[in-house]
Amino acid sequence: MYRLDDEYSKKAKREGYLARSVYKLIEINEKFSLFSSGNVLDIGASPGSFSQYAYKKLKRGILVSVDINDIGLRYDDNFYFIKGDIFLDDTVFKINTFKPYSLVISDVAPKTTGNRLVDTSNSFNLSMRIIDLSLEVLLKKGNLLVKVFQGGDEMQIFKKFEKYFKFVKKIRPKAVRKNSFEIYFLGKSFGK
C-alpha cells in the first residue's frame, strides 16, 4: 500500500516494489553486505518487498518466504512460499526442509494496538521467536536481520545477538518513518 505523499512510497511504486520498506533493506545491505551464497529465509514476508529484493540478490540458493498472509510474488525458480505461523510446528518443519540458510531477514511486526507497552511486548516476543528459530537454521557464519520495536526489552534482544554473532549492530535506516519506534538488529557471522 502506497501513501503517495511519501518519497519512499513514490519511489517503490515507480521501481515496482510492493512496499516502501524495501529501502530499509537496501540501505542496510549496501552498508553491511548481508547476502552471500546460500539459501535466504524471509520471515514475515508480506507484502513482499523484502523478498523481491532478496530474490534479486540471491546467489546460488533458494529464497524461502514465510508469512501468515499470502504475498503477491511468484517466481519460477529458486523460490518457495510457506503460508504459516512461525510459532507452529508444521511451519517450522517446512522451514527446516530448506536449511541451512546463509541469511535470515525479518521485517515482521505484530498487529499493533496503539498501546506502546503492549506493542513493544508483542514485538519482543516475536523477535525472540525469530532469533530462536534462526539459531536452529542458520549456517555457521550466517547473518540475521530483525526488526524490533524500541521502548521495551530490546536490550535483551541485543544481548542475545551479542552472544551468538561476531558482529552486532543496531540500525535505524533513513526510510524508517520519523514517528516510528522501529529499529533493526543485525548479527553477522553466526557462531562466533
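Cβ atoms here come from the backbone N, Cα and C positions, even for glycine.
Every protein chain shown contributes to the tally, and the Cβ of Asp107 (S-adenosyl-L-methionine binding site) ends up with 23 other Cβ atoms within 10 Å. DSSP assigns Asp107 (S-adenosyl-L-methionine binding site) to coil in the three-state reduction, outside any helix or strand. Residues annotated as S-adenosyl-L-methionine binding site in Swiss-Prot, with sequence analysis given as evidence: Gly48, Phe50, Asp67, Asp85, Asp107.
The active site, proton acceptor annotation in Swiss-Prot covers Lys147 and is backed by sequence analysis. Sequence-distant contacts (6 or more apart, same chain, Cβ under 8 Å) of Lys147 (active site, proton acceptor) comprise Ser106, Asp107, Val108, Ala109, Ser123, Ser127, Glu182, Ile183, Tyr184. Taken residue by residue with DSSP, Lys147 (active site, proton acceptor) is part of a strand.
Listed in sequence order, Ser21, Val22, Leu25, Asp42, Ile105, Asp107 are the same-chain residues at least 6 apart in sequence whose CB falls under 8 Å from the CB of Phe50 (S-adenosyl-L-methionine binding site). Taking a C-beta cut-off of under 8 angstroms and a sequence separation of 6 or more, Asp67 (S-adenosyl-L-methionine binding site) has the following same-chain neighbours: Ile43, Gly44, Ala45, Ser46, Phe81, Ile82, Lys83, Val108. Note on the binding-site residues Gly48, Asp85: the fewest other CB atoms within 10 A surround the CB of Asp85.
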